[in-house]
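A.B. asks: The following feature annotations were taken from TrEMBL:
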type	residues	note
BINDING	B:HIS81	heme binding site
TRANSMEM	B:25-46	transmembrane segment
TRANSMEM	B:58-80	transmembrane segment
TRANSMEM	B:108-128	transmembrane segment
Amino acid sequence: MSLRTPLSRAKGLGSAKDGVHHWWIERLTAVALVPLYIWFVWGLISHAGADYETVAAWIGSPVTAVLLVLLLAVTFHHAQLGMQVVYEDYIHTEWLKLTSIVLTKFIAYVLAAAGIFAVLRVAFGG
Amino acid sequence: MQTDKRPLSPHLQIYKLGWTGIPSILHRMTGVALTLGSVLLVYWLAAIASGPEAYATAQAIFGSIIGQIILFGFTFALYYHLCNGIRHLIWDAGYGLKIETVLRSARVVAIASVVLTVLTWLLVFIVGGA
Ligand code: HEM
């Protein structure tokens, strides 16, 4: 016997309400990160040993700045969703699990904002 | 209802890990490591935004022996997570799920991430002239 209502079964969302959405965004961000990181690592390699002016000019150039803003936003979104799954698997004390998830999300958004601000500051020379 | 014969998820202390279990746990470990490491990326960008002195400090930290070892570790973590992530995405699309293919792709990912890590650092030393 199932205790779920027919409507709940039809929606198929389970207790977390957004399980499919979470799963899908984790994959969507993963797909985006593949080209972004190949591009970024290539950029880092080609600027190995470069002086401050050269590196700052690279980071602040329009294409690099735009791609780096994307890389930061997508990275922290992906990381925060991924860490949530890890906590859900290992932490079985409800308040501790919730606190870890919420704290991680807040820290991730602060880091993303700080990174994006730094890139824009280099780009606009503030 | 009988509840004591339900399947258990792999228990790390008693489960024999092989070419299926180790990649799975490595994907998770590299994901967590990269999450911690992303703080360094933000620090590096903030140092560039702050000016030449802050950047010189950051470069001195990353250029130290410990800094280089940590960056080497992150390079491997990134490549492993990236390559194995592609493997996950291919599974999610419904391909490569036969057991021989799973075992073969696990080896391809391991070899590819070691080769890419070494190649990256060779290029860094060649380009950087260190
Ligand atoms: C570079 C390209 C990347 C790809 C292709 C990728 C792919 C993936 C995929 C497919 C998953 C889900 C794994 C599963 O089904 O269990 C995942 C999980 C995860 N990723 Fe990534 N990822 C990438 C970069 C990153 C980065 C840069 C970070 C951190 C800053 C990160 C952190 C995580 C975390 C914490 C998880 C959760 C691990 C788990 O549940 O075991 N990933 N990644």
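Glycine is no exception: its Cβ is also placed from the backbone N, Cα and C atoms.
Set these features in their place in the structure for me.
C.D. replies: Secondary structure at B:HIS81 (heme binding site), taken from DSSP and collapsed to helix, strand or coil, is helix.
Sequence-distant contacts of the transmembrane segment (B:58-80) (same chain, six or more residues past either end, CB-CB distance under 8 Å): 26-27, 30, 33-34, 37, 40, 43-44, 47-48, 109-110, 112-114, 116-117, 120-121.
Sequence-distant neighbours of the transmembrane segment (B:108-128) (same chain, 6+ residues past either end, Cβ-Cβ under 8 Å): 23, 72, 75-76, 79-80, 82-84, 87.
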A.B. asks: At a C-beta cut-off of under 8 Å, are there same-chain residues at least 6 beyond the transmembrane segment (B:25-46) that contact it? List them, or none.
C.D. replies: 12, 17, 54, 58, 62, 70, 73-74, 77-78, 80-81, 84-85, 88
A.B. asks: Across all the protein chains here, work out how many other Cβ atoms are within 10 Å of the Cβ of B:HIS81 (heme binding site).
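C.D. replies: Excluding its own Cβ, B:HIS81 (heme binding site) sees 26 Cβ atoms within 10 Å.
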